[in-house]
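Worksheet for the structure shown next.
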């Protein structure tokens with residue numbers, strides 16, 4: 001059996017990333033990619049790697065997932081997450097979950113311990129209890145930044161749409177040495193969203209999709225637009241028609257923009273281990289590791305390259 005070279009690609013959300021947050025977002029996606037890659041190098045599966053990478057970003061307050069999630073209209077954190085295994089198209093997702101640190105872990109348990117694919121709100125909460133996932137106070141997930149932004153959006157003349165531009169969904173895709181692919185995506189959703197609003201993240205084919213026959217993708221951006229075009233599955237469809245990851249991603253993003261006026265970003269890996277990180281927004285923080293080389297960027301056309309050893313030295317804290 002020909003061994004694949006493992007690859008991981010992560011994103012920290014597409015949109016407008018404010019200057020003072022760029023460094024933290026970059027460091028966060030680099031750390032997540034290195035952690036996921038370490039799992040792959042130690043013989044872990046693609047599913048293990050994407051879960052590890054996304055958990056790393058859920059725990060990082062720079063991103064709109066886990067701790068640092070935006071607040072809904074009532075000032076609470078409600079989170080969505082999905083994970084998918086390309087081997088047999090198994091998937092697990094949770095939506096509108098509160099008071100847990102890592103929704104991606106719960107999504108994986110839905111995939112592996114139930115016959116279902118998506119658990120929501122109260123049912124997801126009961127399942128988390130049954131699985132022994134510790135409950136944490138909701139306030140633990142709320143950062144000062146999320147609280148301030150929520151207040152600002154409540155002002156009568158505010159336009160929450162303006163603030164949706166830095167949509168920090170997080171995600172990861174990977175291929176392991178066996179050639180299996182996986183994706184994972186996690187988010188706090190839209191700031192000041194209606195209670196119970198679920199976006200694309202928890203929806204299979206929209207927030208992510210993974211199939212060993214073609215590849216894996218994780219998306220970020222305006223959830224309702226992503227759902228209208230089923231963006232993740234659309235990209236894989238284009239790859240099945242013979243497009244490269246980059247062309248498939250650009251074609252699908254372009255379609256979403258022209259057809260429904262939606263902006264977003266995607267990360268992709270195909271079954272041959274070729275990858276892409278593309279976006280139609282101003283920015284998207286992303287990082288990838290392949291062949292012990294780290295690539296990362298945040299602005300259109302920007303790509304930095306470092307050896308993994310060099311990168312590890314610079315983000316050693318947190319390892």
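Glycine is treated like the rest: Cβ placed from N, Cα and C.
Not measured: the values here are computed from a predicted model.
Database features (TrEMBL):
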type: ACT_SITE; residues: 169; note: active site, nucleophile
type: BINDING; residues: 197, 198, 199, 200, 220, 221, 222, 223; note: substrate binding site
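Location within the structure of each feature annotated in TrEMBL.
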{"residue": "169", "record": "active site, nucleophile", "Cβ contacts under 8 Å, 6 or more apart": "11, 13, 14, 64, 65, 185, 186, 187, 201, 207, 219, 220, 221"}
{"residue": "197", "record": "substrate binding site", "Cβ contacts under 8 Å, 6 or more apart": "72, 78, 96, 189, 190"}
{"residue": "198", "record": "substrate binding site", "Cβ contacts under 8 Å, 6 or more apart": "80, 95, 96, 120, 189"}
{"residue": "199", "record": "substrate binding site", "Cβ contacts under 8 Å, 6 or more apart": "80, 187, 189, 190, 207, 223, 224, 226, 227"}
{"residue": "200", "record": "substrate binding site", "Cβ contacts under 8 Å, 6 or more apart": "206, 207, 219, 223, 224, 226, 227, 231"}
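Binding of substrate is attributed in the record to 197, 198, 199, 200, 220, 221, 222, 223, and the widest Cα separation among these residues amounts to 16 Å. Residue 223 (substrate binding site) is surrounded by 29 other CB atoms, counting those within 10 A of its CB over all protein chains shown. Its Cβ placed at the centre, residue 220 (substrate binding site) has 32 other Cβ atoms within 10 Å. Counting Cβ atoms from all protein chains shown, residue 221 (substrate binding site) has 27 others lying within 10 Å of its own Cβ.
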